[in-house]
Amino acid sequence: MYGETLEIPCNIGAIKEEDVLITKWKYVKGLAGDLLVKQKSQNVVDSATDEYKGRVSMGANSNLLLSEARLSDQRTFTCMVVASQDIREYPVNVAIYKMPAALEISEKAEELEIGKLTKLGKCVAADANPAANITWLKNNKPLVADEKGISIQASVMVDPVTGLSTTTSSLEYAAEKEDTDAQFTCSTQHTEGAALVSSPVTFTITYSPENIVLQVISQGPLVEGDNVTMKCIADGNPPPTSFNFHLMETMVRVDDSDTYTITNVSRDATGEYKCSLIDNPSLEASVDVKVNYLDINLSPSGSIVKSAGSALNLSLQIDASGKSKVSWTKDNVKLDKEPIFRKLTYSDSGRYECQVTMEQLSRKASFELLVEGAPVIRQLSKQRGEDGQHKVLICEAEGFPKPAVSWSINGTSPVESPFINGKITHKITVVPSANLTVSCTVTNKFGMDTRAINVSSCKYKVVIDQTKLVVGIVVGLLIATMIVGLAYWVYMKKSKQGSWKTGEKENGSSEEEKKLEEKVEENSQKAEV
């Protein structure tokens, strides 16, 4: 290698050292030039002149040591060995190699234009031997000259002093869009060393716009009142910064910006919009803009007062840019369908609200309905009290405003239900002493209604109790009489047993006993009755 010390072998052991008488190194330079001579058992004699003076010495095995190798040392050196019976010469051809210095790309282009053959840069491999071959690479893939999009020119210069070669390679390149951010390098592979690669370089790839797109920037579908921003995007490099925006029948030029904003759009802004390049109006893009809207009209609206039994016609008109959905509520409770009022009832009173939605748009309308009319008694009924001593009268009525309830008799424990949906229920408790007819009357500002009901007396309860008492007294008296008769009969029986002596008494006693038995039997029959 260039600049190193060379060790050139002599006879490679073909002749034994003890048989060598003289060893001599020489080289061919026109005429042979001697360098070193060594006789057996003597020191080495340096006979070198010119460029080898002071650079040569003899090493082990009679090898020639040559310091600071130069390109001029690329010649044949001969080792001559004289033995006792033979003389031999061993020529050695020397080649000097040198790696080039580090590779760098210089004279780089500021930018590359698509399709235009442009000098990309120059790569230099300096002071090499043999002369370096330079290869250009894009993204680590070799470029091959085709004289169309790739042109490579190389030259070699030899230093007259050192004899080293410097190779210069220039690359002309027609870029493509894909070359944006591509890495270009140059490299060389030396015979005796590793490959050298330059630092990568990238280039700005310029090209005229070929495609253009117009976008509408919005968070969602456009609705009336929104701001609409349009963005024009072209693929040139560097990208254009000024555009013409065609807004319906108007054209607006925008410099140093690719956007244009329309504020507070209305439904009339629906239509086709365009943008184009200022320096190339034929290159344009378009987009359809749709402004969504939703209008509703509910009839009737506000506060509505209607008579019970009458009809109410609803009308909901919808003007929308798309398909809408309708929902209804009454007093904040969702209804299954749109209300229909063919014959109004008091329960129809309330606040009605409709909500119409279309995508993210929503509109509401409402009305307050009040159904009024003269009161009507729907039912008049009676119930027996829990203790059986009183009766509860119930009057159920409808009407609006709230009807007042009155009875034809006074009652106790009056109870009135809450007035809901035009309905009211009134109850009173009575204890009639005789059969009578009771009427219920309901009244409001529109009229009145009366209904009667028959109520029977509760006295029969008391009669039933007195009868039970009389029967109990009679049964008790009969039982007492039977007890007295039985006691008397027992007494007479004993008296008869004590008077057997006279037949008359006996007969008389028998008659009295017979009468007594008949009396007891009579009393027994009365008790059974």
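Glycine too: its Cβ is placed from the backbone N, Cα and C atoms.
Per TrEMBL, domain 'Ig-like' is recorded for 1-95 (among others).
For the domain 'Ig-like' (100-202), the DSSP-based tally of helix, strand and coil residues reads 3 helix, 55 strand, 45 coil. Under the heading domain 'Ig-like', TrEMBL lists 100-202 (among others).
Sorting the domain 'Ig-like' (209-288) by DSSP state (H, G, I as helix; E, B as strand; all else coil) yields 3 helix, 42 strand, 35 coil. Residues annotated as domain 'Ig-like' in TrEMBL: 209-288 (among others).
Marked as domain 'Ig-like' by TrEMBL: 309-366 (among others). The predicted model assigns the domain 'Ig-like' (309-366) a mean pLDDT of 93.
Per TrEMBL, the feature domain 'Ig-like' maps to 375-456 (among others).
Residues annotated as transmembrane segment in TrEMBL: 469-491.
The annotation region 'Disordered' is assigned in TrEMBL to 495-529.
The compositional bias 'Basic and acidic residues' annotation in TrEMBL covers 502-529.
Counted as Cβ pairs under 8 Å, contacts with the domain 'Ig-like' (375-456) are highest for 309-366 among 1-95, 100-202, 209-288, 309-366.
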